[in-house]
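> This is the structure, below, for whatever I ask next.
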Amino acid sequence: FRHHPTMAALNQTSLQPASFLLLGMAGLEELHTWLSIPFCLMYTAALLGNFILLFVIATERSLHETMYLFLAMLAVADLMLSSSTVPKALSLLWSLSKEMSFHACLTQMFFTHLSFIAESIILLAMAFDRYVAVCNPLRYATVLTHSVIAKIGLAAIVRSFCVMFPTTFLLCRLPYCRHRVMQHTYCGHMGIARLACADISVNIWYGFATTLPSPGADIVLIGVSYTLILRAVFRLLSKDAQLKAVGTCSSHACVKLMFYTPAFLSFFTHRFGHNVPRHVHVLLANLYVLLPPMLNPIIYTMKIKLIQEKVSQVLFRAGQ
């Protein structure tokens, strides 16, 4: 007896739930409304800060330079990272909607991880930009041309897509046996995979082989860049030049620490922290999609005087 192809297709689709039920922070349900206040404020600050930064860079011709173009890319990645997760999380915390369709969940997971990997490449590009500016200033204009910046932007999208595209197939092939309750505020790769009633070792190893090493390699290269920058800085004779270079690099280093620390804490506690309370996992996962998008525009506006002046002018004109 042979199964009819349409019957096999029906059996396969029946093993995929129509929707998932997101519970948010299990154990902290009574605090959901209170937790939504900092979530909402941080998201609003992230939207305002990044949109103002993009508007200023787009409208001011003096900011159409390498460092500021990378900042604009970072702002776009930050907006995608926070906007792919936070609106649904707020809807859940406000008890408006806890359901999310299977395909919407996969789409959210795809764009969340894609923007994270893309942002990691942009941060590496910014570290390389600072390395060339400090260590090879005479070659800066020839090394980092507009076409090179465009290629870096394209490489960020292509690498992120190549890492994440197979993930959706790895999740679609799994049977879920009507398991649809997820203790989280948004859909992540392993969060979805853990609901499957089948062996997920391929998903786990794919995550380790791609999602972890790609930002991991970026961190190593960023570290090498800043080691070379600091070595070059302390060879400078001028104390003012040393302080200026260290000041710029420290703001970049803060941004990178703020981006990678909660992300890797979330990654490792999700896989190895079996004794860590579930709501701590969820809080860490929300921290890495909220904190960098909110703080990046603030740090760069405070540290880079030209941006500070242009943002002040825009806000002053808007207030008149």
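Each residue, glycine too, has its Cβ placed from N, Cα and C.
Automatic, uncurated: that is what TrEMBL annotation is.
Bear in mind that the values here come from a model prediction, so they are computed numbers and not experimental data.
Here's the feature list from TrEMBL:
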| type | residues | note |
| --- | --- | --- |
| DOMAIN | 49-300 | domain 'G-protein coupled receptors family 1 profile' |
| TRANSMEM | 34-57 | transmembrane segment |
| TRANSMEM | 69-94 | transmembrane segment |
| TRANSMEM | 106-128 | transmembrane segment |
| TRANSMEM | 148-171 | transmembrane segment |
| TRANSMEM | 215-234 | transmembrane segment |
| TRANSMEM | 246-268 | transmembrane segment |
| TRANSMEM | 280-300 | transmembrane segment |
> Take a look at 69-94, 106-128, 148-171 and tell me which one has the most Cβ pairs under 8 Å to the transmembrane segment (280-300).
69-94
> Are the transmembrane segment (246-268) and the transmembrane segment (148-171) close enough to be called in contact, which here means at least 3 C-beta pairs under 8 A that are separated by 6 or more residues?
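Per Cβ check, the transmembrane segment (246-268) does not touch the transmembrane segment (148-171).
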> Out of 34-57, 69-94, 215-234, what stretch is closest in contact terms to the transmembrane segment (148-171), meaning most Cβ pairs under 8 angstroms?
69-94
> So what's near the transmembrane segment (69-94) in sequence-distant terms, Cβ-Cβ under 8 Å and 6+ beyond its ends?
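Residues packing against the transmembrane segment (69-94) from afar: 22, 24, 32-33, 35-36, 39-40, 43, 46-47, 50-51, 53-54, 57-58, 100, 108, 111-112, 114-116, 118-119, 122-123, 125-126, 129, 146, 149, 152-153, 156, 185-186, 286, 289-290, 292-294, 296-297, 300, 307.
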> Just to confirm my parser: what is the rounded mean pLDDT across the domain 'G-protein coupled receptors family 1 profile' (49-300)?
85
